[in-house]
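Chemist: The structure's right below; bear with me while I get my questions together.
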Amino acid sequence: MQKTEAHFFNGLTAGRHEVHVALSDDRQAMIITGDTLPEPLRWSLMDLRALHDTSHKDRLTLTRHADTGDEAPRDPARLVLHDPELIAWMHRTRPGLFRTDLHKGTWRKVFLYSGGALVAAGLMLFVILPAMANTLALIIPVEREIAFGKVVVSQMERVLGRTEKKSLSCENLAGRAALTTMLTRLTENQEMEYQISAQVFDHGMVNAFAAPGGQVVILRGLLDNAQGPDEVAGVLAHEIGHVESRDATRHALRTAGSAGLLSMLIGDFTGGTAIALVGEHLMTAAYTRDAEAAADLFALDMLQAANVDAAGFARFFDEMDGLKGIEIPAYLSTHPVTAERAEQARGFAQSQSGTRPILNDAEWQALRNICR
Amino acid sequence: MSTTQDSMDIRYTGEKGPLFNLAFKTGLLTVVTLGIYRFWQKTRIRKYIWSSVDAGGDTFEYTGTGIEKLLGFLIAVVFLAIYIGIIQMVLFYAGLSVMVDPQRASPQEMIAQTIALYITFFAVLPFILYAVYRARRYKMARTRWRGIRFGMEKGAWGFVWRAMGYGFLAVITLGILTPLQTFRLEKYQADRSYYGSARFTQTGKWTELYPAMKHMLIGIGILVLSFALIGGGAVSENVGLIGFGGFAAFVGYVWVIIGGIHYGVQSFAYLTANKVLGDDIHFTAAPRTGFVIKTYIVGGLLVGLLASVAFGIVGTIAAAFIPLLQNGGGMIAFGIVMAVGYVVALVLTQALSLILITQPILAHYIEKLEIVNADGLNRIAQREAETGVDAEGFADALDIGGAI
């Protein structure tokens, strides 16, 4: 290594020092000399580091590995080499030149902070927000819940294809009367917290949903697909179960809290939103499984009290199982169909006695024709 | 190379190829690591860009690290997870509590409900502004030139209140007081900024930003006129007048957008030209609005074109897989090819817009800068290292901070 010119910044003032660098006699260090330096500096080759990811082709900026209070363990002084031969020599002989060094204890900090963040996010998502949602869902005034429910139902109607001219709600008088009969049979002699109002939407999908505040919507496809009124009654009782335990309200509150949080955790990188959506869906699924099981039990009790055969409810699950894979968009698929649920209903039906049909044939036909 | 001359030129030496490679490679790494690498991606891109800024022969240096960004993000997440989760839910509940039946509600009730639902935004707004200040402070603290650190004093909350106050003033005056907002907020930040031991001072007057706002005001004037024309046409049932009004509205709209860019560029020029470092180090800045708009349009078209080619290739490859869809394995392979292709094309688009839009505009701003009385720089001394714990974690968590 020849003696060569370079620029030196001492890390104390912004002045530039014109210096010469040369290899020390023991070949272990770089000696920096200059008229403006009070004394020659000795930089050990072992400690030398260079700035990486720069756009520089004609220069190499050197610094030293040193235990300073800086963001990285680096000496604030800088030595800028311009000599191509010297730069090439540095690249050739110093393999650790571009190494990243960390302050002591950095990894411990990373693990500690990551753990803390995971625990905090987990606590929020799985403990605090659900608990808050439960509390708030219980104290919300019923009339507000009903108003909210109406907004939800009208949004749902739009999603399912309502146009300006035509509402999806089916208004056939005899059909509505049959639906009311069914509802009355199920809810009479029950202590209900909500005034249930059921309606049918003219849509081919086999599904039903409960909105906050007592609104239950059955889609026409479910009526078309059902073999008897008991089947519809089972689904209706299940949805009433959701209403009574305020599942929809709770779910909406919980989503409001966790949605922003999840997208924040995933951050702004390509495809992040998609992953946040998947995460949200997984959480919802885990949460709805419990709610579904509770609503099933509620429905079975309700059917028992109304002397309705639960075999119809079991048959509904069987049929849904057969339909699986056909159009059930993810946002509506809140009713995971499992053989266990069918089994549970069937087992319950076997213990029942003295059941009678919930609607007579004429009423059942009227209900099936509610959208005509 | 020497600084004996009184004024010092600033150059930008970054190139398209190397930056594209860096952005594309680190973009893919970010996807592969489910987003964790983004802290290092940002760090490495900044190192490249900072090192391309050459003032009087000496280049800038970005000393931020990926790991401190990750740690800062984790801290911000813990804080924001709790705050956002609870606030969002409480506000949603408040929104529900004033929820009314849309068919039977009075206008007042509807307004109350709308306010309650939009208030969530204002609950996060202070943290967004906090993050804006912290992110700028972090960037300053991690920038060095000739081995000397830049820096910025603490003061994020003072910035939050001022930004909200001036923002409110600008909104209720329909934008007329925007220059006051721009000037005062920049002054607040500039007056707290340092290069080494020397402090920056923002001089000038906010009213002098109005010339820069000229085209925005003209555009707004055309818009107001066009609405009057449309209104007049509707009253007198004059179709020609309505058509002319519609055309005028379009012209006004484009004029406002271009005027907005012009304001951004020229207010930056004014504010920079009126900054003083230490006692007597000044700057000149002469960025051209025309260049910035041209780069947006040409760069934007190029990015759009190249991106559509990339997505087209992905689509073609995916189409080749469709015959395989008969079996389950084909379905999965198809899904994987689609997802990978989509992500690669997206990363490509981001890298392209960095080299075709962001970098040229940045380069233009920098090339048009000059330091006057540069001799004073030699007397500036080092300042203390700043080891802020949260880096720019809040900005990252709240998804703000722009291109670089």
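Yeah, the Cβs are placed from backbone N, Cα and C, and that goes for glycine too.
Feature table excerpt (TrEMBL):
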TRANSMEM  B:20-40  transmembrane segment
TRANSMEM  B:70-95  transmembrane segment
TRANSMEM  B:115-135  transmembrane segment
TRANSMEM  B:156-177  transmembrane segment
TRANSMEM  B:216-235  transmembrane segment
TRANSMEM  B:242-265  transmembrane segment
TRANSMEM  B:296-325  transmembrane segment
TRANSMEM  B:332-357  transmembrane segment
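Are these features on the surface or tucked inside, and what are their neighbours?
Modeler: Counting same-chain residues at least six beyond the ends of the transmembrane segment (B:156-177), those with a Cβ under 8 angstroms from any Cβ of the stretch are 125-126, 129-130, 132-134, 137, 184-185, 188-189, 216, 220.
Sequence-distant contacts of the transmembrane segment (B:216-235) (same chain, at least 6 residues past either end, Cβ-Cβ under 8 Å): 174-175, 241-249, 251-260, 262-263.
Listed by sequence, the residues of this chain that lie at least six past the ends of the transmembrane segment (B:296-325) yet keep a Cβ under 8 A from its Cβ atoms are 261, 331, 333-334, 337-338, 341-342, 344-345, 348-349, 352-353, 356-357, 360-361.
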